[in-house]
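K.L.:
Below, the features straight out of TrEMBL:
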DOMAIN    28-317  domain 'Major facilitator superfamily (MFS) profile'
TRANSMEM  29-47  transmembrane segment
TRANSMEM  53-81  transmembrane segment
TRANSMEM  93-116  transmembrane segment
TRANSMEM  128-153  transmembrane segment
TRANSMEM  174-194  transmembrane segment
TRANSMEM  200-220  transmembrane segment
TRANSMEM  257-277  transmembrane segment
TRANSMEM  297-316  transmembrane segment
Amino acid sequence: MVDDTPEPETDASGPLETFRRFFALERDVLVLSLAMFAFSLGFQMTNRFLPEYLVALGASGFVVGLFGTVGNVVSAVYPYPGGAISDRIGSRYALTLFGLVSTVGFGFWLVAPGIGPLSLAGLTVEPWVWIFVGLLLAQAWKSFGLGATFAVVKQATDPSRLAAGFASTETFRRTAFLVGPVLAAVLIGLHPAFTVSFRYVLAVAVAFGVVGTVVQHLLYDASEDTIGGSFAGVAAVRRDLREMPSELRPLLVGDTLVRFANGMVYVFFVLVVTRIYEVGLETTVSLPGVSYAIDLSPAAFFGYLLGVEMLIALLVM
């Protein structure tokens, strides 16, 4: 007797399955994912090394901590006005604008050492000040564009595949988390002076920013974009906080405390590796008939460590 009962479908999961599903997505989600990969790669190549860059440009430990605080404030504040702007002008033009602004921010980081100290009205503007200016701009696509990226996936994806759409874009974003630090480590290893080698990294980040901006502007189909009539205003944020379900408030408090603890050490971790412990790697790999000397500076070694961290995170997601 033949059993006609259909075999249960196996729910294949993991990074490889997500990559396979990625190429079956709608065009706009595909374009968004490519742009997200480009900008995430730029951020991950640069962000964790910026505290070291600040110190190399003459910043103090207090300035490094202030840099981390400003970055967190920007990440918290930008998404709401970014979403309002996206509703006003449409996702295509919003993401193009945010991409352009972010690329200019990468450019400020790139040219900061060449600007040198400037005297303005009796005050000396140190080169590291331009890192803060670049931060305010570079966060535009990542934080301002948060609402627009969600809108693109929702508009372009069938409701039954909405979760797959978000998962696929997130996987490619996290893949950039893996590739970015390793690529940065390779570039940092090209020159012994960090302020020189890190500018190689920043130049590549600018290039990826340009490519991401052009790709999303030319290939994104804006026909389904919806345009809002006006900005909702800050009152909407206050209303959302007042109307937050009581069950979510403890989660918000807990998440805030965890992020506070993480923020206390996040920007200083690279300095602990590169300046306090000076953890590098110097060894020789011997194979039959050939040997290869490996000499990684602490900054380059830190990049490879970040790559290992992100590889583990990608495999277990």
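Counting begins at 1 with the first residue displayed.
Any Cβ shown, glycine's included, is placed from N, Cα and C.
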K.L.:
Which listed range (53-81, 128-153, 174-194, 200-220, 297-316) shows the maximal number of Cβ pairs under 8 Å with respect to the transmembrane segment (29-47)?
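P.N.:
By Cβ pairs under 8 Å, 200-220 leads among 53-81, 128-153, 174-194, 200-220, 297-316.
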K.L.:
Do the transmembrane segment (297-316) and the transmembrane segment (174-194) share at least 3 Cβ pairs under 8 Å, sequence separation 6 or more?
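P.N.:
In contact, yes.
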K.L.:
Give the one range among 53-81, 93-116, 128-153, 174-194, 200-220 whose Cβ atoms make the most pairs under 8 Å with those of the transmembrane segment (257-277).
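P.N.:
So the stretch in question is 53-81.
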K.L.:
Counting a contact as 3 or more Cβ pairs under 8 Å, with residues at least 6 apart in sequence, do the transmembrane segment (53-81) and the transmembrane segment (200-220) touch?
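P.N.:
No; fewer than 3 Cβ pairs under 8 Å.
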K.L.:
Counting Cβ pairs closer than 8 Å, which of 93-116, 174-194, 200-220 has the most of them with the transmembrane segment (128-153)?
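P.N.:
Top-ranked stretch among 93-116, 174-194, 200-220: 93-116.
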K.L.:
Could you pull out which residues elsewhere in the chain have a CB under 8 Å from any CB of the transmembrane segment (93-116), counting only those six or more residues past its ends?
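P.N.:
For the transmembrane segment (93-116), the sequence-distant neighbours (Cβ-Cβ under 8 Å, at least 6 residues beyond its ends) are 32, 35, 39, 42, 46, 50, 53, 57, 82, 85-86, 127-128, 130-131, 133-142, 144-145, 148-149, 152, 195, 199, 202-203, 205-206, 209-210, 212-213, 216-217, 220, 222.
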K.L.:
Checking distant contacts: for the transmembrane segment (200-220), what same-chain residues at least six beyond its ends satisfy Cβ-Cβ under 8 A?
P.N.:
27-28, 31-32, 34-39, 41-43, 45-46, 49, 91-92, 95-96, 99-100, 102-103, 106-107, 109-110, 141, 152, 183-184, 187-188, 190-191
